[in-house]
């Protein structure tokens with residue numbers, strides 16, 4: 001199994017295991033608190049109904065009014081400032097849910113706006129993250145040069161430390177500002193900043209939703225929007241270093257497999273239909289003119305200097321420089337002799353000279369095909385150093 005497939009299956013198993021662990025932990029932490037809060041709310045509801053003699057339907061109506069009026073506490077949500085805030089949450093995929101379109105036209109435009117805006121936002125934040133990493137690498141190099149370090153290159157560890165520090169400072173600074181303007185505790189402000197910059201966007205805590213802030217606090221509105229955009233760029237820089245490395249592992253493995261396959265192909269030579277591999281095996285395939293090889297045998301030669309030529313004439317001689325025997329004319333197969341023959345390759349001898357693993361091999365051709373093979377070889381191949389062979393036929 002390929003490494004890419006193993007890694008993908010491992011990631012799937014790890015992800016589902018992580019989900020199961022998270023579900024178990026959240027169940028243990030939040031289920032009892034949820035039950036107690038629900039019991040308290042039910043108790044308060046019964047007391048109010050008994051105290052003011054309110055019917056169940058009227059009480060449900062009060063609940064609806066209270067819930068629907070919550071977004072309007074920040075002022076008009078669909079004026080330009082509120083609409084810009086909503087468009088930012090759509091483009092960044094935060095999706096607080098504090099305000100949603102109620103008209104059919106608004107819902108349709110939201111879908112088309114998101115189709116074009118989300119890819120645009122992702123590309124923009126990714127590009128900003130790359131530029132930020134590039135700038136950080138230059139700063140790291142200059143700092144190392146000032147400190148007279150031997151290695152002045154910015155490593156991935158250095159960049160990760162820098163972007164992690166910037167992310168921490170962004171969250172800490174934003175939390176301090178939101179704690180002041182919104183009246184949240186500092187821990188809740190840190191929680192809000194983290195949920196916002198990771199684009200989780202639960203919507204349980206949303207800035208700019210109190211005291212008509214969208215209309216009366218323009219500086220706070222500007223700060224909130226700049227914090228979201230700049231903070232997401234910092235997070236994109238972090239993800240570019242932390243996540244992109246793991247994502248590109250599959251690409252690196254594919255390139256490595258292609259290189260290994262190409263190297264393996266270089267260890268095999270196709271000679272007129274026969275593929276001679278580097279380990280000394282001969283795989284028969286299609287002939288040079290589409291003729292199929294019916295049979296091929298492998299014979300191991302004890303003599304390393306033996307020729308790989310299968311012809312009985314010994315025309316190719318030995319490797320020890322001995323005299324080359326004069327070739328004898330191959331016998332004529334006779335009239336009416338028809339069969340399916342494979343055109344042998346004269347390049348076997350030259351290939352053996354350049355491929356040492358082939359020195360111990362001598363392919364033995366089928367006996368009934370030997371005469372026709374020899375004659376076709378004499379007529380079609382330009383034999384070196386034997387100029388009289390063709391004239392003798």
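The backbone N, Cα and C atoms fix where each Cβ goes, glycine too.
Automatic, uncurated: that is what TrEMBL annotation is.
Residues or ranges marked as transmembrane segment by TrEMBL: 6-29 (among others).
Summarising the annotation, TrEMBL assigns domain 'Potassium channel' to 62-132 (among others). Along the domain 'Potassium channel' (62-132), the predicted structure has mean pLDDT 89.
Taken from TrEMBL, the feature transmembrane segment applies to 78-98 (among others).
Taken from TrEMBL, the feature transmembrane segment covers 104-125 (among others). For the transmembrane segment (104-125), the list of distant contacts is 87, 90-93, 232-233, 235-236: same-chain residues at least six beyond its ends, Cβ to Cβ under 8 Å.
Residues or ranges marked as transmembrane segment by TrEMBL: 157-177 (among others).
Under the heading domain 'Potassium channel', TrEMBL lists 169-243 (among others).
Residues or ranges marked as transmembrane segment in TrEMBL: 189-208 (among others).
For the transmembrane segment (220-247), the residues of the chain that approach it from at least six positions outside its boundaries are 81, 84-85, 88, 92, 94, 125-126, 128-130, 132-133, 136, 156, 159-160, 163-164, 166-167, 170-171, 174, 177, 181, 193, 196-199, 207-208, 213-214, judged by C-beta separation under 8 angstroms. Among the features that TrEMBL reports, transmembrane segment is placed at 220-247 (among others).
The region 'Disordered' annotation in TrEMBL covers 321-343.
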For the transmembrane segment (189-208), which recorded stretch in the set 6-29, 78-98, 157-177 gives the largest number of Cβ pairs separated by under 8 Å?
78-98
In the same chain, which residue numbers or ranges, 6 or more beyond the ends of the transmembrane segment (78-98), come under 8 angstroms Cβ to Cβ?
71, 110, 113-114, 117-118, 120-121, 196, 199-203, 206, 208-209, 214-215, 218, 221, 224-225, 228-229, 232
Report the DSSP secondary-structure composition of the domain 'Potassium channel' (62-132) as helix, strand and coil residue counts.
53 helix, 0 strand, 18 coil
With DSSP helix as H/G/I and strand as E/B, how many residues of the domain 'Potassium channel' (169-243) fall in helix, strand and coil?
55 helix, 0 strand, 20 coil
